[in-house]
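Some notes on the structure that comes next.
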């Protein structure tokens, strides 16, 4: 593989995460405007965004098989066509059914693109370098999560219609589409070059189960926590502005942490540092949940920084449980994480209704403790060390 080709594929991976981050995180910014547009209460409008999450979940799950049937370049180019149709649907329709369908299509496109992006990184890089590259790729999710809400605020403040926010997000896919030209993608399944040696099917092992549970609990815990921090902070007498600043600080610190750990991870065994970070994150979340408002800003900054590397390290270790990175395995771990996203309000909504926001934060804390236990148990069964030894010879 030529260096320029590798750079193009790496940028496609970066932008695939930016696309998903922009679509998921911008929701809160535009929801009120969309509710006004359709003359609906915000609470019923939020349910239609489930179509976005459902599209992401279904496409990540199915793409484990689709990757071996439909070439990656074809998928990305077809995704561009779907993206144009979805944004056009948002712009020119006044029907809630069409809006929901467009959201589902956006979810499908972003899920397919993100699973391809993840697979490209696991395919192009080996060992510890894979972990740091995947972490840097994931930082584009957070970066888009910071940039696009600012773009949305800028447009909405000037009374520009909300659908132009999605048109701006579509520009990320335009860049991906342009990068596919003159770029060679790894061939999979029936398109892969034929070899005389029989393909040995590897068993995944129990380590994948531990990592999948950790991925689900981590994302469910993280989103369950950050979704209810503003309500919890307001209950302690903080202003809405200060409560919002806590969330912004978390994501800013999370992004800085990703950049820092993309360098730091190269010097450590991934399973050991993952266990340490998961334990630290659980402790820091407990400090935030039981601390005074005066210490909240510092504890959430520390939590964002030290938890930033957990999810991508889980995915990296998943890809290292087999000698050859398996798209099915990587997508399985990703799917478990996405199920965590889908369950966020299903799990935390009733808890908040019955026991208040702090109960939701403590539940999230319990989920982080489960992540720590899974990472600790992984140490006894993980195959990443033997596979790293093989690739280094």
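For all residues, glycine too, the Cβ spot is worked out from N, Cα and C.
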Residue 204, residue 35 - same side of the membrane according to Swiss-Prot, yes or no? no
Taking a Cβ cut-off under 8 Å, which residues six or more beyond the ends of the topological domain 'Cytoplasmic' (318-331) line up next to it in the same chain? 60-61, 63-65, 67-68, 115, 118-119, 122-123, 127, 130, 188, 202, 204-205, 207-208, 211-212, 215, 270, 382-384, 387-388, 390
Distant-in-sequence neighbours of the transmembrane segment (134-154), which means Cβ under 8 A and at least six residues beyond its ends: 10, 13-15, 17-22, 24-26, 28-30, 117-118, 121-122, 125, 162, 165, 168-169, 172, 251-252, 254-255, 258-259, 261-262, 265, 308-309, 311-313, 315-316
Could you give the residue numbers and ranges of same-chain residues that sit at least 6 residues beyond the transmembrane segment (206-226) on either side and whose C-beta is under 8 angstroms from one of its C-beta atoms? 247, 250, 278, 285, 307, 310-311, 314-315, 317-318, 321, 329, 332-334, 336-341, 343-344, 347-348, 360-361, 363-368, 370-371, 374-375, 377-378, 381-383
Under 8 Å, at least 3 Cβ pairs, sequence separation 6 or more: does that hold for the transmembrane segment (332-352) versus the transmembrane segment (51-71)? yes
Would you list the DSSP helix, strand and coil counts for the residues of the topological domain 'Cytoplasmic' (266-272)? 5 helix, 0 strand, 2 coil
Long-range Cβ contacts under 8 Å made by the topological domain 'Cytoplasmic' (1-10), restricted to residues 6 or more beyond its ends, are 120-121, 124, 133, 137, 179, 182-185
